[in-house]
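Remarks on the structure that follows.
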Amino acid sequence: MTTESGSDSESKPDQEAEPQEAAGAQGRAGAPVPEPPKEEQQQALEQFAAAAAHSTPVRREVTDKEQEFAARAAKQLEYQQLEDDKLSQKSSSSKLSRSPLKIVKKPKSMQCKVILLDGSEYTCDVEKRSRGQVLFDKVCEHLNLLEKDYFGLTYRDAENQKNWLDPAKEIKKQVRSGAWHFSFNVKFYPPDPAQLSEDITRYYLCLQLRDDIVSGRLPCSFVTLALLGSYTVQSELGDYDPDECGSDYISEFRFAPNHTKELEDKVIELHKSHRGMTPAEAEMHFLENAKKLSMYGVDLHHAKDSEGVEIMLGVCASGLLIYRDRLRINRFAWPKVLKISYKRNNFYIKIRPGEFEQFESTIGFKLPNHRAAKRLWKVCVEHHTFFRLLLPEAPPKKFLTLGSKFRYSGRTQAQTRRASALIDRPAPYFERSSSKRYTMSRSLDGEVGTGQYATTKGISQTNLITTVTPEKKAEEERDEEEDKRRKGEEVTPISAIRHEGKSPGLGTDSCPLSPPSTHCAPTSPTELRRRCKENDCKLPGYEPSRAEHLPGEPALDSDGPGRPYLGDQDVAFSYRQQTGKGTTLFSFSLQLPESFPSLLDDDGYLSFPNLSETNLLPQSLQHYLPIRSPSLVPCFLFIFFFLLSASFSVPYALTLSFPLALCLCYLEPKAASLSASLDNDPSDSSEEETDSERTDTAADGETTATESDQEEDAELKAQELEKTQDDLMKHQTNISELKRTFLETSTDTAVTNEWEKRLSTSPVRLAARQEDAPMIEPLVPEETKQSSGEKLMDGSEIFSLLESARKPTEFIGGVTSTSQSWVQKMETKTESSGIETEPTVHHLPLSTEKVVQETVLVEERRVVHASGDASYSAGDSGDAAAQPAFTGIKGKEGSALTEGAKEEGGEEVAKAVLEQEETAAASRERQEEQSAAIHISETLEQKPHFESSTVKTETISFGSVSPGGVKLEISTKEVPVVHTETKTITYESSQVDPGTDLEPGVLMSAQTITSETTSTTTTTHITKTVKGGISETRIEKRIVITGDADIDHDQALAQAIKEAKEQHPDMSVTKVVVHKETEITPEDGED
């Protein structure tokens, strides 16, 4: 096991070479083997000289010591080579020696700069593929901090928003662009700082709270600011010494966003009283007072509620808080929250049902974007896990999981306290730095505070997660100015791309161009991304100018003047024409953006981009296409693969999938709003939003509630009602179009009548609810929702007076064509029998004959109110319901087919159907013409009699003008009629408290109980409110009786009132509403 190096060793005898070369190899290997004794070396030299003097070489006698030395050297060399073989698997140098052709990359290291809580900077190097925990451990080791679970690192993303660095993920996957700059901050504010084990932990918590106060994130009163400032001075400077402390010894400190001389004087006065207090005691007193502040440890996020009102969502140790205008309006403790989730930019909280609630409620909030919703969701998950759980929840390990795999990976508060109790090191020595970082007179949002509580703007404009020091703010402003100046120098005059031929779609978007390049060197994708980043600016318009090229410029120059750039997430195509030596070359080239939009979010789930951001379509086309729909990409992919699997033709699938996806996305919001309008009461439009108004009573006895929607102004109600009615008109038009298509393809009369019967239910009920009358709609057993717009009146007397009134509403739909426009200029003859109708069509925009079945709806509704008078008043018998017919309006050409509606009491009842100026006149004419057909007269004797809601369906067939101009006349003989009789009685007590709606009460609880039998459905809604210290309970019952036999409604009403009084003897009945709806056969209606 010896090695020979050099030619001299070859000439020596083997016996002499062995020990010497073994020693030389041993020295080269660096093995710590002792050298041979000097006597042995001298003896060997003498023997070698003696042997060299003779002509014949004499063999040297090898002593025992030399043999042992050689054997020991050989063993050492074998051991060293064995160690080298083991290290070769790990050492890059061994890899190079073993495989010299293989190039081993050294791990790249990134320089990280961390801003600490005292304003200083800490710089370190970490590997590029390191996880966040590595950097966080280095920072905590630098700070000599053991209780590090309360702290974290933050960074800014591309949108300049602060995010918490996830210690379980690689840093380069989180900080995707820019330098690695971080801030060290408190992440979880301990509810009881006295339970922290070390003073150094409390010191850094104090530094964070001082920054929160100065930045405006932690608002305080003047007295609290002075007290906390005095503890700060005591901790930093020690006892007050009049000899050393001048009048301005605290001028370098910063105590509040709006620092005043009065505040300094108060701080000095309180500082004198803290004599003898150690810095640790001063910091403890500081924390004991700071933890009592209402915004202590609250991480605020901008959001909007379901009505679009700007609010702030705060996450803290106790739960979720909701703020509006700096006031907390609601609180959801963690035990109350059942589930938190987000979808796109919506954030949802599912609330656990309370004591008097049967089902859980979900409250939704809208955040600025998807990333903000995800950021808020992560903060909630981390806070809930840290403060509420004993052990962190392990992330799901399934291959396919629904929802995000993100879980809090650190230790919980319980684990941290157990670990802190085991700390046995002596108290670390640390130097408390002076608060010179607060010397700037401006608050951290860049504006000088104007008042004691002028912190709302600071809270709303600054990022509410971490601390920003004035030095860093100034540095960031300087960096932004330098970037703007650099961009201004680099941007060249803009030249547009000239588009010719068959590509009109390209070139309609605004895109700045890259600076011209005079060389033709190949450009790598990295260089493209760098240049794209340098030219990252967008223009409002597209200026047409001609792009000129050099004759010798190559066709695929990737950085030429004709190079469009649409942004970081856009793919730009360049269409360029070059002329040189009589040849024309057309080239399409693809410019890579700085970073392709990833279809996977941080958790590995699909998140499709918004196609409106790509600007691949002109603005005029984007206005008509649902390109902003987030469902467009999923719909396109689904339809494409479906068609591809069915037809095995890629062109066929591509041709049909995009138009079909556009149609689906176009119909998606309309279908959702249509179903919501047909299924829900317009006055219940805020029903889902009022779930957030349920009270939250926490364990500490604090109760907060939101303001009820019932306290909104009447003007807002009117505006919402008008909007709802306009939407109903649009939906009615869509229904007529669907009905027309249905009737063209169907010939079954029974099916047609059933279709008409179904269509004739919802529009009447919806259109008739125009006035804000306290009326309950006819309920089917499935409809048990409580209308939130109804007001209950206080009083004790029932049946004192019955006042009868009629509020008829006539709903006559129009005949629609394929373009959803009304038929123009139609005259109608109506015979006295009212059965045969002969319409003459003068003009129809269709060239083919259409048979349209029209639904004509007439509803007459009568409401009787009970008041305090003891006499009966007869109903107005002069008004009669009009039989529907088509009325031609004499006027200018193009006037639409009108509908009539009666005016009673100056109210326009038919406003929700169509707003026509001739409504009242047409209604009177029709009423006079057809008074003989339907005559209603009634007298009220001992109980009121009603003739209500008549729904009639006529089948009217007519044809269009033929190409030759021949007029076609078609008359109908069969008139299927469906009659629905509806009666509504309202009893109200006479004693009405005038201050009922003026003073809002605090909603304590709300309970809904539903019990259903074969023929009766009873819904009980119990509402408890606190008004002026007085608890008030209101119980509202809805009883729906269904059956084939006749039902005595008077007896049922009396029985219901009797049961209510028996069940609640200490309560009074204030309002009774009876709504009767019976369906009679067509034979009875014709009689």
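Every residue gets a Cβ built from N, Cα and C, even glycine.
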- Note on the structure: phosphoserine, as annotated by Swiss-Prot among SER503, SER514, SER962, is found at SER962
- Message: Where Swiss-Prot marks phosphoserine, which residue is it, choosing among SER235, SER341, SER420, SER871?
- Response: SER420
- Message: For the feature phosphoserine in Swiss-Prot, which residue out of SER306, SER460, SER517, SER817 does the record point to?
- Response: SER460
- Note on the structure: Out of THR56, THR469, Swiss-Prot gives the annotation phosphothreonine to THR469
- Message: On average, what pLDDT score does this prediction assign to the region 'C-terminal (CTD)' (861-1083)?
- Response: 54
- Sorted by position, what residues of the same chain at least six away from SER420 (phosphoserine) have a C-beta under 8 A from it? LEU146, GLU147, LEU196, SER197, GLU198
